[in-house]
Amino acid sequence: MTDDQTVCLLRYLGDCNSFCSADSSVRDRRQKDKEERLSLVLWKRPVTTLHYFLLETLIKLKEWTFKLWQRRGAVFLFLVLCSVFSIAYSTEGAHQHYVEYLEKKLVWCAYWVGLGILSSVGLGTGLHTFLLYLGPHIASVTLAAYECGSTNFPEPPYPDQIVCPQEEGLEGAISLFSIMSKVRLEACMWGAGTAIGELPPYFMARAARQSGADPDDEDYEEFEEMLEQAEGAQDFVTRAKLGVQHMVQKVGFFGILACASIPNPLFDLAGITCGHFLVPFWTFFGATLIGKAIIKMHIQKLFVIITFSKHIVEQMVALIGSVPKLGPSLQKPFSQYLEAQRNKLHHAGGSAPADENWLSWVFEKVVLVMVAYFVISIVNSMAQSYAKRLQQLRHSEEKTK
């Protein structure tokens with residue numbers, strides 16, 4: 001090796017060492033910034049967290065207002081349609097019957113779509129609206145169908161309150177398919193909402209790939225690091241994420257459909273993968289919508305209906321009573337709760353008993369706690385987003401000096 005070659009090799013090694021050192025310092029800085037942001041929570045720094053939350057809310061409102069102004073044509077068309085519907089709603093005539101029916105269906109569908117979006121987006125945690133709202137709704141319809149022998153509940157009060165119809169149903173007339181048909185609309189709307197909630201990771205990754213800019217998202221950064229370290233992945237979670245990524249990337253529509261059709265906590269990664277590799281929008285959203293709103297929802301719906309069918313519930317209560325020593329004391333509140341629900345079904349407008357069953361009380365408190373935690377997580381997440389803006393501004397100012 002000549003002297004010139006030796007000098008070139010030494011320079012190359014020096015450049016590599018400086019590059020690796022710079023890369024390591026950037027990684028350490030990102031980790032330090034991330035730890036600093038994660039410490040910004042209500043129970044540790046309440047004043048700062050609320051202050052940053054309000055500032056981030058103002059920034060988001062400004063951004064959304066600007067986006068709406070850019071799409072003012074669509075906004076104007078939407079306002080015109082709302083005005084037409086408002087005029088039709090307030091004008092007396094034979095059309096009022098159809099307007100009221102349309103209003104009822106639209107509000108009902110919007111309610112479940114909104115709950116589905118909350119379950120899927122969650123701004124960091126997600127509100128488990130299937131466990132809190134849709135699951136109990138399907139369970140109550142199932143129990144009522146077997147008790148009444150019919151699914152023709154009078155409307156109103158259904159769906160706000162379930163009351164058995166006056167005409168008695170035939171014994172054995174209730175089937176799985178009749179109950180599934182009764183709750184199909186709300187279940188499919190909830191599934192469609194979860195599919196819509198998967199769009200933000202897709203659009204974020206797609207925009208980042210097309211623009212070449214670093215997105216303001218922790219999940220996308222984790223995804224890029226995972227791609228860089230794919231060869232040396234050892235732990236189960238990383239291998240599972242890589243499996244989802246490979247399936248979506250190689251199989252395409254049917255890979256996305258398979259991931260969306262089963263309960264999959266890693267599906268956010270599928271959205272990021274599709275956006276990163278520029279999968280067409282309708283390929284991603286079509287497969288996600290079919291998987292979540294049709295296939296997955298029918299699986300979940302069938303599971304709840306079977307679990308709360310009459311003979312299964314009776315067997316579960318009997319099984320609780322067979323537990324040594326504690327069995328009878330545990331069985332009593334469940335039996336009382338089921339009996340109270342049967343009485344409500346056969347008495348329209350009947351008031352709840354004075355001694356509220358403790359199962360209902362516990363469930364209500366669990367719902368309140370989960371909703372409160374969801375709201376707190378939104379506040380924390382938005383405050384951390386503003387803290388990240390400040391960190392990026394500080395680093396950009398350091399580079400210019």
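If you go along the chain as it appears here, the first residue is 1 and each next one adds 1.
Backbone N, Cα and C atoms are what each Cβ position is placed from, and that goes for glycine too.
Keep in mind the model is a prediction, meaning the values are calculated, not measured.
TrEMBL lists 74-91 (among others) with the feature transmembrane segment.
Look at TrEMBL and you will find 111-134 (among others) tagged as transmembrane segment.
Annotation source TrEMBL lists transmembrane segment at 247-263 (among others). Cβ atoms under 8 Å from those of the transmembrane segment (247-263) belong to residues 195, 198, 270, 273-274, 277, 279, 283-284, 286-288, 290-292, 295-296, 299-300 of the same chain, restricted to positions at least 6 beyond its ends.
Long-range contacts of the transmembrane segment (269-290) within the same chain: residues 192, 195, 198-210, 219-220, 223, 241, 244-245, 248-249, 252-254, 256-257, 259-260, each at least 6 residues beyond the stretch ends and with a Cβ under 8 Å from a Cβ of the stretch. Feature annotation from TrEMBL assigns transmembrane segment to 269-290 (among others).
Away from its own ends, the transmembrane segment (302-323) comes close to residues 135, 138-139, 142-143, 146-147, 176, 179-180, 330-331, 334-335, 338 of its chain (Cβ-Cβ under 8 Å, at least six residues beyond either end). What TrEMBL records for 302-323 (among others) is transmembrane segment.
For 366-387 (among others), the entry in TrEMBL reads transmembrane segment.
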